[in-house]
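> Before I ask anything, here is the structure I am working with.
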Amino acid sequence: MNNKKDYYLPFLLTAIVIVVDQVTKILVVQYMSVNEVIPVIGDLVNLRFVYNTGAAFSLGAGFGEIARKILLVFLPFLLLIALTGAYLKSAELTRAQRWFICGILGGGFGNLIDRFFRSEGVVDFIDVKFFGILGMERWPTFNAADSFIVCCGIGLGVNLILQGIKQKKLKDS
């Protein structure tokens, strides 16, 4: 990529995601009690303060302390460093792909900050009704970092699929 602004500007999103994630978590910890529920949109969306000692859906919460540190701190840290390195080395990424990757990085580093500095676990607080889909009445509680990881991950996946379709059409014509 020739334009340095297009190359480095997406890291601003990484910083914004980290700030939004940490500020929302600080507010939840300061103004809510653990397990407190505050309805936001009826029963559809609640604020529910919980600490998550596992990964997504609390996976790994029952692991021993050393296993949790390796699987939930060390490995994610290495993956985020590898993703950052791939971003910095690749000239093939599109502008959109760079923004999506930086959103994922922001969410990943936001949750890692909790794992490093909150012994209780990652602060989760967004609780959404799931209407019994997949046998779940409510989706597992999550946070702003998780939202950015999922939304940017989906955006990146869709972008890569569309790019592949476009390249195939160009190759076939």
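One-based numbering along the chain as shown.
Using the three backbone atoms N, Cα and C, a Cβ is placed for every residue, glycine included.
What Swiss-Prot records for this protein is below:
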type	residues	note
TRANSMEM	9-29	transmembrane segment
TRANSMEM	37-57	transmembrane segment
TRANSMEM	70-90	transmembrane segment
ACT_SITE	Asp124	active site
TRANSMEM	142-162	transmembrane segment
ACT_SITE	Asp146	active site
> Roughly how many angstrom lie between the C-alpha atoms of Asp124 (active site) and Asp146 (active site)?
9
> Taking a Cβ cut-off under 8 Å, which residues six or more beyond the ends of the transmembrane segment (37-57) line up next to it in the same chain?
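Same-chain contacts beyond the ends: 28-29, 63, 68, 71-72, 118, 120-129, 140-141, 146.
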> Counting only residues 6+ away in sequence within the same chain, which have a CB under 8 Å from the CB of Asp146 (active site)?
Ala56, Gly107, Asn111, Asp124, Ile126
> Using a 10 Å cut-off, grab the number of neighbouring Cβ atoms around the Cβ of Asp124 (active site), all chains included.
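Summing over all protein chains shown, Asp124 (active site) has 23 other Cβ atoms within 10 Å.
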